[in-house]
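Enquirer: Before I ask anything, here is the structure I am working with.
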Amino acid sequence: NLYQFGKMINHMVGKSPIFSYGDYGCYCGWGGKGTPVDATDRCCFVHDCCYGRANGCDPKLSTYSYNFQNGNIVCGNKYGCLRHICECDRVAAICFGENVNTYDKKFLSSSRCRQTSEQC
């Protein structure tokens with residue numbers, strides 16, 4: 001769920017998930033359209049696509065099992081929708097961590113996202 005995703009982001013990046021990623025670029029936050037503005041926004045685009053492939057549960061509300069081991073995020077559910085959304089969140093949190101050096105506050109609340117959305 002979104003709370004768990006936020007905990008993963010905070011663990012991997014050390015930033016507030018709401019203030020740093022809740023309204024960033026074209027895809028971080030609610031909705032999404034246009035072309036991702038940078039690598040961080042691309043992480044959100046891929047995450048949105050991953051959520052779109054979830055079948056059988058609500059990615060934003062369903063609670064899955066995970067933990068942190070040696071700095072890594074480990075999903076606990078072995079299969080199914082809960083495993084899928086945990087992996088979506090895990091991969092996105094890692095992606096944010098890998099791209100933290102290109103994160104740019106100028107893309108907070110971006111108004112440039114008016115084009116047609118990319119395909120997943």
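We count from 1, first residue shown onward.
Any Cβ shown, glycine's included, is placed from N, Cα and C.
Below are the features I grabbed from Swiss-Prot:
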| type | residues | note |
| --- | --- | --- |
| ACT_SITE | H47 | active site |
| ACT_SITE | D89 | active site |
| BINDING | Y27, G29, G31, D48 | Ca(2+) binding site |
| DISULFID | C26-C113 | disulfide bond |
| DISULFID | C28-C44 | disulfide bond |
| DISULFID | C43-C95 | disulfide bond |
| DISULFID | C49-C120 | disulfide bond |
| DISULFID | C50-C88 | disulfide bond |
| DISULFID | C57-C81 | disulfide bond |
| DISULFID | C75-C86 | disulfide bond |
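So where do these features actually land, and what's packed around them?
Expert: Residue density at H47 (active site): 23 other Cβ atoms are found within 10 A of its Cβ, drawing on all protein chains shown.
In the three-state DSSP classification, D89 (active site) falls within a helix.
Sequence-distant neighbours of D48 (Ca(2+) binding site) (same chain, six or more apart, CB under 8 Å from its CB) are Y27, G32, C120, listed in sequence order.
When Cβ atoms from all protein chains are considered, those within 10 Å of C26 (disulfide bond) total 26, not counting its own. C26 (disulfide bond) falls outside any helix or strand according to DSSP and counts as coil.
All protein chains included, C28 (disulfide bond) registers 26 other Cβ atoms within 10 Å of its own Cβ.
Cβ-based neighbour count (10 Å, all protein chains) for C43 (disulfide bond) stands at 25.
Long-range Cβ contacts of C49 (disulfide bond) within its own chain (separation 6+, distance under 8 Å): C120.
Annotation note: C50 (disulfide bond) sits in a helical segment as assigned by DSSP. Close to C50 (disulfide bond) in the fold, though at least 6 residues off in sequence, lie H84, I85, E87, C88, V91, A92, each with a CB less than 8 Å from its CB.
Annotation for C57 (disulfide bond): same-chain Cβ neighbours under 8 Å, separated by at least 6 residues, are G80, C81, L82, I85. Mapped onto three states, the DSSP output places C57 (disulfide bond) in coil.
Taken residue by residue with DSSP, C75 (disulfide bond) is part of a strand. Take the CB of C75 (disulfide bond) and look out to 10 A: across all protein chains shown you find 18 other CB atoms.
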Enquirer: Of C43, H47, C113, which recorded positions come within 10 Å of C28 (disulfide bond), going by C-alpha to C-alpha distance?
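Expert: Hits: C43, H47.
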Enquirer: Near C86 (disulfide bond), which residues of its own chain have a C-beta under 8 A away, given they sit six or more steps off in sequence?
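Expert: In sequence order, the residues whose Cβ lies under 8 Å from that of C86 (disulfide bond) (at least 6 apart) are Q4, Y64, S65, Y66, C75, G76, N77.
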